[in-house]
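Accompanying notes for the structure given below.
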Amino acid sequence: MRLSSFFSSFIYLGIASATLLNLQTSADIGKKLINGNQFDYIIVGGGTAGLTLARRLSENSRTNVLVLEAGRSGVNDPLVTVPQKSFSFIATDIDWLYNTAPQVHANNQGINLSQGKILGGDSAVNGLVWCRPYRTDWDDFEKLGNPGWNWKNMYAAARKSEKVNSPQPQFAREYGYGVNPASHGSSGPVETSFPPFIPLQELKFINASLELGHDFNKDPYAGDNVGVWFGLSSQTSKNARETSEFAYLDPALHRPNLIVCSYALVTKLNVSNGPRDIVQSTGVQVRFPDGSTVTAKTNNGGEVVMTAGSVRTPQLLELSGIGNKDILQKHNVPVKVDLPGVGENYEDQTLTILTYKLKPGFLSFDALGYNQTLAAEQQLLYDTKRLGWLTFAQGVLNFAPAQTVLNKADLQTAQQLLKRKPASISQDAFDAIKDKVFSGVPQAEYILFNSFSGGPSKEPNTSYVSLAVTHLHPLARGSIHINTTSIDDHPIINPNVLDSDWDTWFLAKATAYGRKFFETSAFKEIFEPAEVFPGLQTQTQADWVDFIKKNVNLGYHSVGTASLLPRNKNGVVDANLKVYGTSNIRVADASVMPLLVSAHTQTTAYAIAERAAQLIQSSH
């Protein structure tokens, strides 16, 4: 470890502590720091997982850590910090602007797959949903061939990331939410909280769920998330969004052994041959905003850790010669490691939208667009007291097993459909999902979007609410592979949605079930009876199948493209997250998840990074 030269570089440049360097405005300093040092850890991607790792690995003052993030900081950006603005990042400068290839089973539509191009990654742009999966989901990681990747260890890692805030008594009394402290972390970096404002329609959603026979779950964070419940948000006690930048990086900025560069685009890994056909990375190529390229070098024994996400991690591996030799040779990329699993096993949750109009006198976030007085009042309330509408992103989650969504005859049909394994999924993964379906693990999620979120058009001066219906464990598997040898060209993103008959049939059934919420007395009190989207003319199973094929979306929960699996089962990383065939390249982001979980993926991403830090530290 060349710490003396590392620290002297800071002194030479007049920098007294660890630095967050904007390479757009501090290119010369960035080049001197990167050129003048060798690093114990080069972390490619400063997102949810990357900054978690940076914080943990730099706790050892004898190591030096470099983080390279292509996007900018989210500090003081209301687009990031204000909870109500979740998903407002789409089509802005902090969006990677991904879209899928035309989906042959979904009317050849391309589907938006926006992701956060920013420090904090998707934790800076997501819906702030903070939920953990059913216990079986994390246990299945281990059952697929990964010792130690089980509920017990992941749950410990997840709690290590969290600092739960108990709700203020007046809001707990008003809304009825609360936490069981034993199920949460109390001293981790990421603050989680209930918002101090819950829209009426969210409370009615609980009542509607209870009318339909769903259970209210008082403790959904300890391995059983079935039922309807108040979900925590990844937001602070001051009701601002919490991101990995704010939670993990900001408190570590005093560390002299950490450099974090924004606007630092990694174009490829430098990979060289090593002994016994094991290759090693000597560093990475970094392109600055001015177009110049600098090599960031690892020191002897140093590592490159990929945390660039499920799209860019496989893209960078392939551009560096690690992947399926047929794909690499097609693009004249020299093959360093023939690893066919790179970019494969790609999956995302599929999602549909139902939209209803609120009755006069009831309002959603749509009103902020047509009632300027209300918008000004709410902005002032947030700015001065951190209260009101702008503190809210989401509130109530409903996770339903197949036995809730399907009737007795449907369950018999499910048995028949699940006798056939689609070609794109492995037998082990198929068996795991089939077992989840029939053992009561949630298969559908229902969550309200507090605005018009689906449909051809909306009326002026009108408030709407949309219900998002998500298939949590689809069978379809797709791929993400390079299309050119340029990092600037997006790879071909093909989730292969609705490839499986089961996926199509179940999502249609789950979406049709979603209408039942609006037929309850609780929802009839506040919603107009006419369904805005798709409309009550959609009735039969064939109608619903036609609807989802035309309107299916993705849950923005991409996983699997660098799967944590045995190599002979198309794995990319081993149980220590090391890329097969390499000595010092690891992957530690959501791309290693071999299966989707019955939850949003944010908490799993943090848990993976916390566990990765432990594994890396114990190996040195």
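Just so it is clear, glycine is given a Cβ too, placed from its N, Cα and C backbone atoms.
What TrEMBL lists as signal peptide is 1-18.
The Cβ of V266 (FAD binding site) has 24 other Cβ atoms within 10 Å, all protein chains considered. Taken from TrEMBL, the feature FAD binding site covers N126, G127, L128, V129, V266.
For the domain 'Glucose-methanol-choline oxidoreductase N-terminal' (309-323), the DSSP counts in helix, strand and coil order read 11 helix, 2 strand, 2 coil. For 309-323, the entry in TrEMBL reads domain 'Glucose-methanol-choline oxidoreductase N-terminal'.
Look at TrEMBL and you will find H557 tagged as active site, proton donor. There are 24 other CB atoms within 10 A of the CB of H557 (active site, proton donor), with all protein chains counted.
As annotated by TrEMBL, active site, proton acceptor applies to H600.
Among the recorded positions V129, V266, H557, the ones whose Cα sits within 10 Å of the Cα of H600 (active site, proton acceptor) are V129, H557, in sequence order.
Here the CA atom of H557 (active site, proton donor) lies 12 Å from the CA atom of V129 (FAD binding site).
The record assigns N126, G127, L128, V129, V266 to the FAD binding site, and the maximum Cα to Cα distance across that set is 29 Å. Local packing around the binding-site residues L128, V129 was summarised as the count of other Cβ atoms within 10 Å of each Cβ; on this measure the leading residue is L128. Cβ neighbour density within 10 Å is lowest for G127 among the recorded positions N126, G127, H600.
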